[in-house]
Amino acid sequence: MNDLAISLPTPAAGAAAPRIGFVSLGCPKALTDSELILTQLSAEGYATSKTFQGADLVIVNTCGFIDDAVRESLDTIGEALAENGKVIVTGCLGAKTGDGGGNLVRQMHPSVLAVTGPHATQEVMDAVHQHVPKPHDPFVDLVPPAGIKLTPKHYAYLKISEGCNHRCSFCIIPSMRGDLVSRPIGDVLTEAQRLFEGGVKELLVISQDTSAYGVDVKYRTGFWDGKPVKTRMLDLVAQLGELARKHGAWVRLHYVYPYPHVDEVLPLMAEGLVLPYLDVPFQHAHPDVLKRMKRPASGERNLERLLKWREACPQIVVRSTFIAGFPGETEAEFEYLLDFLKEAQIDRAGCFAYSPIEGAPANLLDGALPDAVREERRARFMAVAEAVSTAKLQRRVGSSMQVLVDSAPAMGRKGGVGRSYADAPEIDGTVKILPPSKASKTMKVGEFSRVRIVGSQGHDLIGELI
């Protein structure tokens, strides 16, 4: 989870701007909500404080997806109240109901100033204005071109839609974020262009269901750069790829459900327009488990689809997440999942032991497994996943790869850390770059370097500058 307090530029010289403490918890989608709020705060002349003490007010953007996240969010709200006393709560936990149908946050922390759900920038700002009046009207030139970002300058998340039309039995996101609402394609592309112009070298496309982009508006035609563009995944990815090419940048796709039309994007990857990387939330492989999960798409054809993708784009890297120990999962169904993992050769796989989430329909299913069994299956899954990943990484030894540099002490003369096209930030591995043999070879954070792979270590590769 992200736990960030950000210092915004103070726009008004000679006058102390009101200070807002800010904490962002949760997933990249919550992070983009935080960035929107921070951008608006900056535009209106607010600064932020890195500590709760001394701030005029504190905003906590919460996560409410799993029980651990709920506890962390409630604890953070409590800390902010204890240290500051003036707290606005936003995010997924803000939409969660407690006992008797009342708001959970209000029940646990009745003294908070305001509570909103996710993607509620205007509601948050209205609450801020009520308790800490804005110092002046916003002017666009007070805000950096890329807005206020919680990520390093060289990469950023681009949220293309909100909500989800699926009703997976283990998930409560639709109850918190609502049904799918696609952003207008012109707005998405305008934001992407602004990010690239602001120095972003890697754009990570996120949503609850990237493949469903435009379904809610029946793929209506929008406009970008004076030309008609359909609101659908293929058209969006193609336009993002062209923008990235002009700026020498990457586009990476996340939360891609394996619908048949995803096949149309593979040629764009094969020609290098976007990264040959797909983050696909398979969750399981056995058809019966997928039915109990109420997962969309034809799960029994996922292996066939993967093989087709690799035929169209041999260099493609697939990452996915899975759940072990779902209610009713038999040993045979779990073994089926392990066999799928071996045959599918998932490059990057993560696994969670099933955890009941308050309000999720899966809680009502028969066959709940003991904690020990769920954790044991998660460990077995990860052992297989790591063996597959290690073997695939070892095959890269001797090759050369383009790496986006994330860390480079002393201009890289002490070595550095970067990521290849196969590595998304925070969730995948890295490329550890050895100190160069010649002092003339340097690296710079946020720029690309060519690296020869000389070894592997766990989930990471080891390379040397070419």
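In case you wondered, yes, glycine gets a Cβ from its N, Cα and C as well.
Listed in Swiss-Prot:
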- 18-133: domain 'MTTase N-terminal' (DOMAIN)
- Cys27, Cys63, Cys92: [4Fe-4S] cluster 1 binding site (BINDING)
- 150-391: domain 'Radical SAM core' (DOMAIN)
- Cys164, Cys168, Cys171: [4Fe-4S] cluster 2 binding site (BINDING)
- 394-466: domain 'TRAM' (DOMAIN)
Using the Cβ centroid of Cys27, Cys63, Cys92 as the reference point for the [4Fe-4S] cluster 1 site, which residues of the same chain not in that list have Cβ within 8 Å? Leu25, Gly26, Lys29, Ala30, Thr62, Gly64, Phe65, Ala69, Gly91, Leu93, Pro118
Of the binding-site residues Cys164, Cys168, Cys171, the one whose Cα sits nearest to the Cα of Cys63 ([4Fe-4S] cluster 1 binding site) is Cys171
Across all protein chains shown, the binding-site residues Cys27, Cys92, Cys164 give the max Cβ-within-10 Å count at Cys92
Given the binding-site residues Cys63, Cys168, Cys171, the candidate whose Cβ has the fewest other Cβ atoms within 10 Å is Cys168
Roughly how many Å separate the Cα of Cys27 ([4Fe-4S] cluster 1 binding site) from that of Cys171 ([4Fe-4S] cluster 2 binding site), to the nearest whole number? 15
